[in-house]
Amino acid sequence: MEIGILHPRLVNTYIIATAARSLERFAYLGIESNLINYLTGPIGESVATAAANVNTWVGVASLVPIFGAFVADSFLGCYKSIIIAAILYILGLGLLTLSAMITPIVTGASDSQGRTKNELGPESPAMHIKALFFGSLYLIALAQGYNTFLQAFGANQFDEKHPEESKAKSSFFNWWFCVGAMGAIATHLILPYIQDNINWGIGFGIPFLAVIVGLILFLLGNKMYRFPATIGDKEVEIRYGKKDKGFKKSISALYIVAPSSSREESLLHGEFLKDDSPPAGDDSTNINETSSKTKEIKEVLRLFPIWVTCLTYTIGHAQSCTLFTKQATTLDRSIGQSYSIPTAALRIIIALSVAFCSIIYDRIFIPIARRITRYPYGITMLQRIGIGMAISVLNMVIAAVIEKKRLKTARDFGLLDISNATVPMTFWWLAPQYLLFGLVDVLINVGMQEFFYDQVPTELRCLGLSFSQGAIGIGDFLSSFLVSMIDKITSQGSRESWFSDNLNRAHVDYFYWLLAGIGVVGLIAFVCLAKSYIYREPNNIKNDSDV
């Protein structure tokens, strides 16, 4: 982001918001990335049950922002919603830490293999401990609007009518994802090792402290933020805090900031804050309000078909924290002679890929593409998403081929019936699918965030941002449904399930091929819809026929 041309207050606001975002991702991924090992270890669940529970939880956590965004857009606003969500987040993480501290201890070496309670020896935790654990887990899910509200609040600080701020806002989405990846890198370097080898209570307590620090940082920026206010039928932006003589009234009437003189203040109140709306009870007011609401609904509904096609990608997205992790438990993860990488820590490859690809995309690809296409953002938002969907299909094919290679190696070395054996195959074989996963995230997730934020009415931008999270959530639910259904069908009789607890007898590769096929169907439908899509102003793009 070319922040040098922006006002220092805007730069400081951006830094605070992204720092809070990085800490939130550190906390969330500290729970999500190793959750399947906690469920198959201390909680004592089977692989299929744990995978379904993780997918269900991630699905709920991803869908909550949609309902939260509706409340934020309609009643509370982004700022108050951020505070409330942060408090729920802190409460949930605190209770989760408590539940881990009173759960019977199971060593990291055991749970990293994904063995059930019968294999481990100790009994499953008491029912009240499980209730506390799952209750706190879903309280954290309930707080997941925090990230969406924070992102919408940060994006709202940019005036899209201002040429430089408008360009910076597009870049903001790339860097927002990049700093989230940096938080993820810190997570995968630190927390899985602590959780697997030291103590789960400490491993959950650190994310608890991280969210507290993030909330404090956010509150410290109060004097620098732009806050929206509606005067009559006009929306203006007013900054609460000290007046800044160097930052005068924005060129857009939509963004009015603290005036620099009493004369400007009088002009502000006389010219822009004058309420020219019709008197209460005027029929024309009711007609206009009804017409406006109808238009908003139509603008949101026309996005629905594209949103549905994106679900075919999100089913594959769900595998990074479940099946990818369980695959890694069977491989040789040693570095040197004494250190073995925790399975959840392998997701650092995804985070590194996201950070690297975000920078390359923003600083190299966009300028080059801009010169070729003459389009301000290099390529359109739908083109970006479509390219990501195509790479996602390729990634599922690669994952299937690598899993087939793992199964062949296990068979060649006579390890098919030894569930906890380490297959003589290095974990680096999984690197390609992790690296491509990061690239796909940068293309699709960032593309969806920017697309849905930009294409919904201004009053519904929290809701727009939540659509991308909602797609991830539905994808997790669909993945959970597919896993449960396929597990039930393929385990009938004396057959081994595709998701057998003994992964050397399972057929996860078949599941990856199925996801690749679903992805192809979704990509074809997406391209057909994108070709006829007409962008909402102020993009001034007639269609997206170049997808």
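Glycine residues also receive a Cβ, built from the backbone N, Cα and C atoms like all the rest.
Sequence-distant contacts of the transmembrane segment (56-76) (same chain, at least 6 residues past either end, Cβ-Cβ under 8 Å): 28, 32, 35, 84-85, 137-138, 140-145, 147-149, 152, 318, 321, 459-467, 469-477, 480. Among the features that TrEMBL reports, transmembrane segment is placed at 56-76 (among others).
Per TrEMBL, the feature transmembrane segment maps to 83-107 (among others).
The transmembrane segment annotation in TrEMBL covers 127-150 (among others).
The transmembrane segment feature in TrEMBL is assigned to 171-194 (among others).
Non-local neighbours of the transmembrane segment (200-220) in the same chain are 16-17, 19-21, 23-24, 26-28, 30-31, 34, 38, 42, 82-83, 86, 89-90, 93-94, 96-97, 100-101, 103, 150, 190-192, 194; each lies 6+ residues outside the stretch with a CB under 8 Å from one of its CB atoms. If you look up TrEMBL, you'll see 200-220 (among others) marked as transmembrane segment.
What TrEMBL records for 339-361 (among others) is transmembrane segment.
Per TrEMBL, the feature transmembrane segment maps to 382-402 (among others). Listed by sequence, the residues of this chain that lie at least six past the ends of the transmembrane segment (382-402) yet keep a Cβ under 8 A from its Cβ atoms are 306, 310, 312-313, 316-317, 319, 324, 429-430, 432-433, 436-437, 439-440, 442-444, 446-448, 451, 509-510, 512-513, 515-516, 519-520, 522-523, 526-527, 530, 533, 544, 546-547.
Annotation comment: TrEMBL describes 427-448 (among others) as transmembrane segment.
Per TrEMBL, transmembrane segment is recorded for 510-530 (among others).
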So if I exclude everything within five residues of the ends of the transmembrane segment (427-448), which remaining residues of that chain have a CB under 8 angstroms from its CBs? That is, six or more out.
173-174, 176-177, 181, 310, 313, 317, 320, 324, 327-328, 331-333, 341, 346-347, 349-354, 356-358, 361, 381-382, 384-385, 387-389, 391-392, 394-395, 398-399, 402, 405-406, 467-468, 471-472
